[in-house]
Amino acid sequence: MSSGKLIVLTGPSGVGKGTLVRSLLARHQNLYLSISATTRSPRGGEIDGQDYYFVSVPQFEEMITQENLLEWANYAGNYYGTPRQKVEEKIDQGITVLLEIELVGARKIRETFPTAIRIFILPPSVEELERRLRGRGTEAEEAIARRLERAKEELAASSEFNYTVVNDELEKALEALEELIVNSFLHE
Ligand SMILES: Nc1nc2c(ncn2[C@@H]2O[C@H](COP(=O)(O)OP(=O)(O)O)[C@@H](O)[C@H]2O)c(=O)[nH]1
Ligand SMILES: Nc1ncnc2c1ncn2[C@@H]1O[C@H](COP(=O)(O)OP(=O)(O)O)[C@@H](O)[C@H]1O
């Protein structure tokens, strides 16, 4: 059996990564989304072990020390990281794994997992990105400002990725992503 693929999705906060990933998983039951660990507080409606593993800073630092994370980063004041074991298990089983992670983590994966396909999701414009982020209504103004600041750095790095997809019309962006993922199966 051949190994599963690793697909990395990165893009600024508010661009629609979560929305796109949810739709992809609904349409393709054979994809596995890695659940990250984070020290950020859960948002209303988020479930521990489903959206994230919500952990304390000492717990997260222990995961780093024990080398339990495939990659990790500090983003807008909180730690985020990919638990290693599950991802490796799924790939060994021939299952395609999605990581939805920020830029520092995606760069790390490029080094440690060079066969990963790294896709950057772009907004139609910075104005629209800001509208989506505010429209989501999940962050306080200070957190929005930090995310927008970080968005500029991330957008400037989009050319480092294997592919970019503009999330203007959701359905079109989904089709473009599906195409890239399906192609990754064909070009072994
Ligand atoms: N490096 C890394 N980034 C992650 C991980 N999990 C989530 N992120 C990224 O952390 C950033 C903040 O995530 P979150 O607080 O859920 O906010 P949102 O993306 O605005 O909904 C996003 O860019 C996520 O893609 C992870 O395991 N590793
Ligand atoms: N193609 C799109 N057109 C308009 N709004 C979108 C589109 N994709 C996502 N959104 C909206 O933008 C907001 C941010 O999307 P979300 O998936 O939470 O982004 P991210 O996970 O990248 O931070 C949400 O309110 C979502 O419904």
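A Cβ is built for glycine as well, from the same backbone N, Cα and C atoms used for every other residue.
Taken residue by residue with DSSP, PRO12 (ATP binding site) is part of neither helix nor strand, so it is coil. Annotated ATP binding site per TrEMBL: GLY11, PRO12, SER13, GLY14, VAL15, GLY16, LYS17, GLY18, in sequence order.
Positions annotated as domain 'Guanylate kinase-like' by TrEMBL: 4-182.
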**Asked** Among the binding-site residues PRO12, SER13, GLY16, which have a Cβ atom lying under 6 Å from any atom of ligand 2?
**Response** SER13, GLY16
**Item:** Position of peak Cβ density within 10 Å, selected from the binding-site residues PRO12, GLY16, GLY18
**Value:** PRO12
**Request:** Please average pLDDT over the domain 'Guanylate kinase-like' (4-182) for the predicted structure.
**Result:** 95
**Request:** List those of the binding-site residues SER13, VAL15, GLY16 whose Cβ lies under 6 Å from any atom of ligand 1, in sequence order, or write none if there are none.
**Result:** SER13
